[in-house]
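Student: Sharing a structure below in structure tokens format, with a few things to ask.
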Number of protein chains: 2
Amino acid sequence: MITFFEYNWQVRDEWFDWCTLLTPDELLKDRKGGVGNILYTLFHIVDVEYSWIRAIQGKEDIVFSFADYHTLEEVKSLSDTLRSEIAVGLKTDLEELKEELIHVPWDEDEYTKDEILHHIIAHEIHHIGQLSVWARELDHSPVSANFIGRRLKSVGDY
Amino acid sequence: MITFFEYNWQVRDEWFDWCTLLTPDELLKDRKGGVGNILYTLFHIVDVEYSWIRAIQGKEDIVFSFADYHTLEEVKSLSDTLRSEIAVGLKTDLEELKEELIHVPWDEDEYTKDEILHHIIAHEIHHIGQLSVWARELDHSPVSANFIGRRLKSVGDY
């Protein structure tokens, strides 16, 4: 499981680099599917991961508004900040009490910690798949989604 | 890890159902990104999963040609057949000798079994993300990608 976080975080950073090819208008332009534009997709990935991780840590949700993070630099900086916070406890979060039921303020149902960790991982990969289509529509090559052949930076190094 | 296979297989079947909303022409129409059309995406997911699983089982690769599976029914039937074969040994494949190095005929590099299993999982989720954009471009709602809130059919029941 932790390897999937390492994969997602590395691919995410490659997409942040890729985004520097685009103008601010292209990053925010309305597109069909997903959450509707490139920058908001990255913001949404960061926001959702952080909210769920705080929930499984028993911490109160912190709500971020995209209106406050409207540039590539701001979203990248938010991602870096929240990720270093997540990285500290992640190994423990992943290994302990997998079947513990978690209640979150934005959903009526309860889910196990293990289910939530799977959800965070699949959520990011799914949205990155959407970015790859939009990239081709912009006549750019997308970031590689290959898991194999990557040297993954360890969670402990974030 | 096995839960991700259960998730992918269930989502895949929901996309096969979703595809019945489309005409054969829409399923095969050229689209930007990914492997270029909806039906070939599903074929490619099935084909890639099977090839890598055979490789980690030490079996020779079997090459399938999309030209022979050009209808929704044929791709779905291929998926069902190969998946029941994969399901039999999957639990053992996932648990044993994770660090074993695997050589495959289509790649110069060698990868560990564990790396390959992560690759298969991320590969399917990524391509499904692409389908979700194409779905919206066709003015259809995509299949939900949520991991949480699903009752997953066990690998043993395939």
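Heads up, residue numbers simply count up from 1 along the chain you see.
Positions of Cβ are set from backbone N, Cα and C atoms, glycine also.
From TrEMBL, for reference:
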type	residues	note
BINDING	A:His44, A:His123, A:His127	divalent metal cation binding site
Student: Taking the Cβ of A:His44 (divalent metal cation binding site) as the reference point, list residues of the same chain whose Cβ is under 8 angstroms away and which are at least six residues distant in sequence.
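Tutor: Non-local contacts for A:His44 (divalent metal cation binding site): A:Val35, A:Phe66, A:His127.
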Student: For the recorded divalent metal cation site formed by A:His44, A:His123, A:His127, which further same-chain residues have Cβ atoms within 8 Å of the site's Cβ center?
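Tutor: Result: A:Gly34, A:Val35, A:Thr41, A:Ile45, A:Val48, A:Glu124, A:His126.
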Student: What subset of the binding-site residues A:His44, A:His123, A:His127 has a Cβ sitting under 8 Å from a Cβ of chain B?
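Tutor: Near chain B - Cβ to Cβ under 8 Å - we find A:His123, A:His127.
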Student: Let's check the environment of A:His127 (divalent metal cation binding site): how many other CB atoms sit within 10 Å of its CB?
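Tutor: I count 23 other Cβ atoms within 10 Å of it.
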Student: Which state, by DSSP, holds A:His123 (divalent metal cation binding site): helix, strand or coil?
Tutor: helix
